[in-house]
Amino acid sequence: MLTRTCHSMRGCKFNTAVPALFLFALLALHRMQVAQGVWPMPQKMIQSSENYPLNPQKFSFQYAEDSVAQIGCSVLDLAFKRYFKLIFPDYSRGNDAGEPFSVVVSVQSGGCDGYPDEDSKENYQMLISEGQGVLVAETVWGALRGLETFSQLVYQDDYGAYYVNQTVIVDYPRFPFRGILLDTSRHFIPVQAILETLDAMAYNKFNVFHWHIVDDPSFPYQSYSFPDLSDKGAFHRFTHVYTQTDIHRVISHARLRGIRVIPEFDSPGHTQSWGKGQPGLLTPCYNGKTPSGTFGPVDPTLTSSYHFMARLFKEVNAVFPDSYIHLGGDEVTFFCWNSNPQVQAFMEKMGFGHDFTKLESFYIEKILNITVALNKTAVLWQDVFDYHENIPKDTVLHVWKGTAQEYNEEMSKMTKAGYRVLLAAPWYLNHISYGQDWHDAYTVKPLNFSGTEKQKKLVIGGEVCMWGEYVDATNLMPRLWPRASAVAERLWSDEEQTFNVSEAYPRLAEFRCRLVRRGIQAEPLFVGYCKHEYQGL
């Protein structure tokens, strides 16, 4: 495999004429068969029956002369090596018969050294013809998506020979935020399992890893400002923690695959593990006039609570480069606050009466002020909006509850109020049922709520949630894949082209086999087999 700048190969020098070239190719091929082998389905993809043999010995990735990315761009240099192995999984040095084939990559703008963010462009165009594939992308992140698509277009015949068909693709994501939440508090997920999840996410064109890193059961995040949080709050202070090195490894692995990493530090509820390493943070519960020995949410009446949070989030801001941070805010129980005489006195002083939603609003507003000062965009679960709390308009709201009718009504209210919204409610894939329940995830219509076009543009995407009550590294991958792939297509592809589950099934079954061959232990969709299903298992 070669990685060099292309100077002389036919069709290698191109820039402003490229869109016209793709339009001409689309028109020329418009009567040809539509390709079936790519998941998620590209926006526009036409493929002819004309195919070209690929010899790994004569295959190369190259940078176009006019590309702003050249040799030394780590994101693409490493992607070329990675995708060569994915495209030719049986590669061994053999004969060099056949014609050369190059995939020529042209990145039109942006750099290679940054991180993907909320404004990253992932659109790309691809033209595959004799001897060459041309991949044009606005940014390196779009180039990564195009390389994944090309890798899925290559196939083998029964004798092991590799081929790719004449193809034209114009592609871009339907939604800019396509996420997967992993809960690493209820069960510790080893770093290697997280990295494998990131690999599978890249194969599916997911672009956000929502790391629900801590919660009531355990605090595995190893803080350098507050080391007691993990020393006393993790399941095990040495074996079940994420060190700063571990976190950097995850973020780096994700970056090279065009995936953002957004941490969640949920409060004031879901913080039982925090209290073990930070005495005085949680609210003491009372039984009458006597402390019961149990604790509730973070104590919102103490200045020390906000000093602690400010230091913790300052650290988190330095560790996680993404501009988003998830602050939680869900499922806050008021029993303990209501039992505590100091909290009751504070409520009276503030004029809150007995409305504990006002106390929660007071707390959330303080936390939001901390993150605003750090130039972070906050994401909050829908509970905060439901309590009519004072939320800045640049906050992203996360819908997680209810039936289709209920979450559609919620999204209608949120977008009418001018907030950006993420949908997760129909995609809690930790819930399982017998049969092909991927159908339910696939047939969700994220914009099927009452509202104007302006409102619907405020839906920035959606998220698969994998909560950890019954999930650890032993069953994470088969529970997640390929069911999450159904969500991947719903969030990337055109809904009208991809809504039919009967038409999707053979493509998803083929893609599931591809995942298995790539080492992802994706569960079967139904009766059948994969040619390469037991390699490496």
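Every residue gets a Cβ built from N, Cα and C, even glycine.
Automatic prediction, not curation, is the source of TrEMBL annotations.
With a cut-off of 8 Å between CB atoms and residues at least 6 apart in sequence, the same chain places Gly269, His270, Asp383 near Glu331 (active site, proton donor), listed in sequence order. What TrEMBL lists as active site, proton donor is Glu331.
Taken from TrEMBL, the feature disulfide bond covers Cys73-Cys112 (among others).
The Cβ of Cys285 (disulfide bond) lies under 8 Å from the Cβ of Pro291, Ser292, Gly293, Thr294, Phe295, Gly296, Phe335, Cys336, Ser339, Asn340, each on the same chain and at least six residues away in sequence. The disulfide bond annotation in TrEMBL covers Cys285-Cys336 (among others).
Under the heading disulfide bond, TrEMBL lists Cys513-Cys530 (among others).
Across the domain 'Beta-hexosaminidase eukaryotic type N-terminal' (38-153), DSSP helix (H, G, I), strand (E, B) and coil residues number 31 helix, 36 strand, 49 coil. The domain 'Beta-hexosaminidase eukaryotic type N-terminal' annotation in TrEMBL covers 38-153.
The domain 'Glycoside hydrolase family 20 catalytic' annotation in TrEMBL covers 175-494.
Taken from TrEMBL, the feature signal peptide covers 1-37.
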Taking all residues of the domain 'Glycoside hydrolase family 20 catalytic' (175-494) together, what is their mean pLDDT?
97
Fill in the CA-CA distance, Cys112 (disulfide bond) to Cys513 (disulfide bond), as an integer in Å.
32
